[in-house]
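Features as listed in TrEMBL:
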- B:16-87: domain 'Glycine transporter' (DOMAIN)
- B:103-174: domain 'Glycine transporter' (DOMAIN)
- B:12-31: transmembrane segment (TRANSMEM)
- B:38-55: transmembrane segment (TRANSMEM)
- B:75-95: transmembrane segment (TRANSMEM)
- B:102-121: transmembrane segment (TRANSMEM)
- B:127-148: transmembrane segment (TRANSMEM)
- B:160-179: transmembrane segment (TRANSMEM)
Amino acid sequence: MLSDALAALPVRPFAVMNAVGLVAFALVGATKAIREEFDLFGVTVVGLATAFAGGATRDLLVGRVPLVLRSFGEISLALIGVALAVGAYVVLDAADEHPATLVSDAIGLAAFATTGAIVATNAGVSGFGVITVATINAVGGGALADLLLGRQPFVLFDDFYASCAVIGGAAYWLSAGVGGHPRTAAAVCAGVTVCARLLAVSLDWHLPTAQRLGRRWRRR
Amino acid sequence: MLSDALAALPVRPFAVMNAVGLVAFALVGATKAIREEFDLFGVTVVGLATAFAGGATRDLLVGRVPLVLRSFGEISLALIGVALAVGAYVVLDAADEHPATLVSDAIGLAAFATTGAIVATNAGVSGFGVITVATINAVGGGALADLLLGRQPFVLFDDFYASCAVIGGAAYWLSAGVGGHPRTAAAVCAGVTVCARLLAVSLDWHLPTAQRLGRRWRRR
Amino acid sequence: MLSDALAALPVRPFAVMNAVGLVAFALVGATKAIREEFDLFGVTVVGLATAFAGGATRDLLVGRVPLVLRSFGEISLALIGVALAVGAYVVLDAADEHPATLVSDAIGLAAFATTGAIVATNAGVSGFGVITVATINAVGGGALADLLLGRQPFVLFDDFYASCAVIGGAAYWLSAGVGGHPRTAAAVCAGVTVCARLLAVSLDWHLPTAQRLGRRWRRR
């Protein structure tokens, strides 16, 4: 069984997901800042902010001192992501258009939705709380990066971005609710989120606006 | 006596004010997002953020896990506000210009200034702390909504908006300071805030700018 | 020895640095808001937000109720800074171009980097944590002020602004790490930060962008 195989793995889902998310989101954030011609300090700050804002908010919401302040590993991982972004830009000259950035973002989104769901579940919040913390953990970094870059947060406009984290958080909560092992719930959450995001991008999914609903209503 | 009548009511002022504020502010935030042609997910997020940002900040400031993460009722009330906004838009087609939105905003402002003052007083902060937490609780949601929509927060420009919450918070603190029952203090705070706001809108009150003071000074 | 002289002074470094930072940053924030023709309430709010945002974030990060909510002195000091800004504008008519504003900002930056390093060290976070909290304490107010004014935070563009706080925080951590008295570490941190900032402004220091690194790389 997949479930048994996962439960037997010698890794903690939080540590794995957290490391993956930090590298992926630092890379995405730094790439955005490079495109805006920030200097290397600004690029590093936007990369670190993208990597840490979601998790720090998650920790504050459940009443913990943010993990990033308590460990050296967190910053090191994020600096690797920033270095990858700078290296890719210097060598390739067009990293910000690369599909790798899009995939990296989807992976970060899924990894952080999962860490958020794990921490929230351990903190004993309600089901809505689990979904909210998972979503904030997943999209907080991207939203702060956009605010720092002086743009409207794309998480509000990209139809299926935050929605994917909501779906993933709900999947974690359901999976844990029916008695699934935390490791299974983590795998389900990450898998559902990353698949939903990549499908949404490939198939160009859209949600309706109130304007569209209104036109449809009045046309009747 | 009004004071005795209020003290005898079988309701807790926090629960009432909180419910009123959540519905009112979710409606206002969702209406703003509809006007910007966000999709329904974005409308819901801006509505929820407007309803919860102030209270979550208040809870973090006094060292509590935000109420919204601990209960199901909070989200349900805010979703009612979002549904009202979408329904009003679909049926009326011009809800964002409607005076009802303005009144709803004034009511939310008063309700959240009151919940902020109650929580801060219970947390034992200073008098300035009570006024600050009441004001942040009242205007935090609107300010975040504007940042999410990529605008300068109107709470800084609208002359008598945040000022009304400051006055209301001071009224709560004075009322509790002279030995008033918490329920009386809550009624005073909510009444003062909503009256100040509606008067400011109707009579077009303004505060002077430093430029105006400077011209007046140099004219002497 | 300087170190012994400092250790003998009858003042607590946190209280001094905090007071200096509050007045300096409230003055800078209020001056920015006056230039944007905000009314006096908006000017006060931006001044207070600039003075308090960094410290409140610092306190939340290490799990304390923000100091500003617990004392009357904090607000009084910040209001002095706001009053100085309004007075300077009304009398001088061009305070926002004045070098005094720039020096006030450098002093506030150094003072708040120091309070951040002190609080973080006392909270027992990691070395990266000390530098991060010092930097957030120092630049958080300026960044929030810019967001409230609807601009991109200048701390990301001004090449040697946040970098100075990073250097100062590292100096505090090193100084405390080699066994220096907290008062010596505080003096070192404040001195290094303010000198780095004033030198950066006078000599127009710059950090390279990824674009420049890329051009240099491809030119080889």
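The count begins at 1 with the first shown residue.
Positions of Cβ are set from backbone N, Cα and C atoms, glycine also.
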Residue distribution over DSSP helix, strand and coil in the domain 'Glycine transporter' (B:16-87): 61 helix, 1 strand, 10 coil
Sequence-distant contacts of the transmembrane segment (B:12-31), meaning Cβ under 8 Å and at least 6 residues beyond its ends, amount to 43-44, 46-52, 54-55, 67, 74, 77-82, 84-86, 88-89, 95-96, 101, 104-105, 107-108, 111-112, 114-115, 118-119, 141-142, 145, 182-183, 186-187, 190
Mean pLDDT across the domain 'Glycine transporter' (B:103-174) comes out at 89
